[in-house]
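A.B. asks: Would you mind keeping the following structure in view while I ask a few things?
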Amino acid sequence: MATAEVAPPERKQWSNPVEFFLTLVAFAVGLGNVWRFPYLCFKNGGGAFLIPYTLMLIFIGAPVFYLELTLGQFTSSGPLAVWKVNPLLRGIGYASLATNCFLALYYNVLIAYCFYYLVASFQMIVPWSTCGNWWNTALCTDQATLANLSRTDLALMKNMTSSPSEEYFYRRVLQISSGVDNVDGIVTHLVVALAVAWLICFLALSKGVQSLGKIAYFTALFPYVMLTVLIIRGATLSGAIEGVKFYMGTVNLTVLKSPSVWKEACTQVFYALSCCSGGLIAMASFNDFNNNVYRDTISICLVTWFTSIFGGFAIFTVLGHMATKMGVSVADVAKGGPGLAFVVFPEGLSMMPFAPLWCVLFFLMMCTLGFGSEFSIMETVMASIIDEFKTYLNTPKKIIIFRFTISFVFFLLGLSMVTRGGLYVLNIIDQYLGGFPWLIIGVVELYCIGWVYGVDNFCDDIALMLGEERRPEVTLDDYTYPSWALTLGWLVVILCLGWIPYIFLAEICGRGTWGIIKEARLPHVEWGPARDEHRQLSIRYANTVDPKKLSMQTLSTIDIGDSYDLDRAAIEIIAASPKLFVKRLSDVSSARF
């Protein structure tokens, strides 16, 4: 007797819209909001940096964010399966998944650093505040010594001394080697911290979005409590106002002439919103089909913009206090990246009364911020693979074993970054991964949806999903143009843009590859809403479709065996190519959403 095949379990959904919203907040608001954005503001004109950052957020970040949420929610598919919209460009999904894999690897290493600092903070005197430890060198100079030096002596000794926090990070925590070619073995305590980080990641994601959504209540909200506490405490410190002046108090508009400032603003927007990594598509794929993604897009973008600025005040009030006690400028102590989180800021916290308490709170916040993003990153990786192999991963037990296996494999891969030369490896990945690949993926995404799939198609899908109707009339006051008059407008567009497809077609036809591309560029037959009840809402996706009712937007697979009342020319075309996708040009509409 044949064994019946086990059907894959139904795709889970968020318990409520609040869990989705909070998960996106935790995903988008990560470590970069603490150590990347404040330093970019300081480096690029202070408050003036908000101008390019805000403009990039409005005109580039928010539209791409909305696009990805809509794609995931409409198809209920992860970042791999969603690109059935254009099989020729399915590489977008794999590129996004690859960036997520590298991001997850080094992000958890940073969380392991935070773990180690968190545990080390439970001491009466934090170890990065003093010299005389076994890891310190003769160049180590603590704050007590620096406080007795004049400004001239400080300037002379600037490159001749090192701080206790700097030596603690590089010589105690990392035990750093001389270069990337000198791995020099693994650092045991970082391996333990990394193992704990991956274990927590597995436990949090063992039930997918059902467990992730519950954890998001903590990972999304707790960092704001800690940031608020740090800002209130920082505002009471001496020199806090000097730090704020360096952060936002100065407005240097001349920097807006530099293209690099706009580039960094654009990169930071993609980094802050987590666009083009596939994560937004994956998270939205667990939504209800009719969820209001427009509302979510506006809300998350506003929260991200606010958090970036809000977090900077927590950082620079402490840096201002640190600079005042050292008798130097804030510019002399400000750094970006991991150096801010693990060298400069811990040193600033160590100068505060009850330093261990503030260090515990800060690194607990850093761990929470890191996990909030890491959970979503890894859920994207796991859910994407499960979607691709759902015929094999078809029971809860198999899925849990798979999730554990993925977590263990990533832990093993991450060991390369907890060696004594691991920071060099991590820095290479961070420098080459951060920003540029996401920008390229974003451009290709926009081209695929806007030009290949078509804006009209996409807007129809959004209207179907949100239960709205498109109102595309072109009017002048109370006058509505007749349909034939719209041809004049399209004629202008064709005369301007027609050269692009003309040259493209001329080259393709000349090379004899047009037939292949003509079929490969079209959506896969499985593209569209995942559930049958949603597919029946539109004749574009219904199982049985009358070809004579196809609109301009509809692309439907016509099988040679189907008995439709088609004209002779259409029958000949279908007979010649059974897999041909037919579109009725007679129903072309100039409608716009």
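Cβ from N, Cα, C; glycine included.
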A.B. asks: Which range is it, out of 20-38, 571-589, that shows up in TrEMBL as transmembrane segment?
C.D. replies: 20-38
A.B. asks: Check for me: which candidate out of C114, C131 does TrEMBL give as the disulfide partner of C140?
C.D. replies: C131
A.B. asks: V29 (Na(+) binding site) to C140 (disulfide bond): how many Å between their Cα atoms?
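C.D. replies: Cα to Cα, V29 (Na(+) binding site) and C140 (disulfide bond) are separated by 35 Å.
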A.B. asks: Give residue numbers and ranges for long-range contacts of the transmembrane segment (298-319): same chain, 6 or more residues beyond its ends, CB-CB under 8 A.
C.D. replies: 21, 24-25, 28-29, 33-35, 37-38, 41-42, 50, 53-54, 57, 61-62, 65, 224, 227, 230-231, 234-235, 237, 240, 243-244, 246-248, 272-273, 330, 333-334, 340, 344-345, 348-349, 352
A.B. asks: Tally Cβ pairs under 8 Å between the transmembrane segment (20-38) and each listed stretch (186-205, 269-286, 484-505), then give the stretch with the top tally.
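C.D. replies: Going through each listed stretch, the top one turns out to be 269-286.
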A.B. asks: Take the C-beta pairs under 8 A between the transmembrane segment (269-286) and each of 92-119, 186-205, 399-418, 484-505. Which stretch has the highest count?
C.D. replies: 92-119
A.B. asks: Over all shown protein chains, what is the count of other CB atoms within 10 A of the CB belonging to S373 (Na(+) binding site)?
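C.D. replies: Step by step: centre on the Cβ of S373 (Na(+) binding site), count other Cβ atoms within 10 Å, giving 24.
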A.B. asks: Provide, as an integer number of angstrom, the distance between the C-alpha atoms of L369 (Na(+) binding site) and C140 (disulfide bond).
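C.D. replies: Just about 31 Å between their Cα atoms.
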A.B. asks: Cβ within 8 angstroms of the Cβ centroid of A28, V29, N33, L369, S373: which residues besides those meet this for the Na(+) site?
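C.D. replies: Surrounding the site, in chain order, are V25, A26, F27, G30, L31, G32, P223, A272, T304, T307, G372.
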A.B. asks: Rounded to an integer, what is the Cα-Cα distance in Å between C131 (disulfide bond) and N33 (Na(+) binding site)?
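C.D. replies: About 31 Å separates the two Cα atoms.
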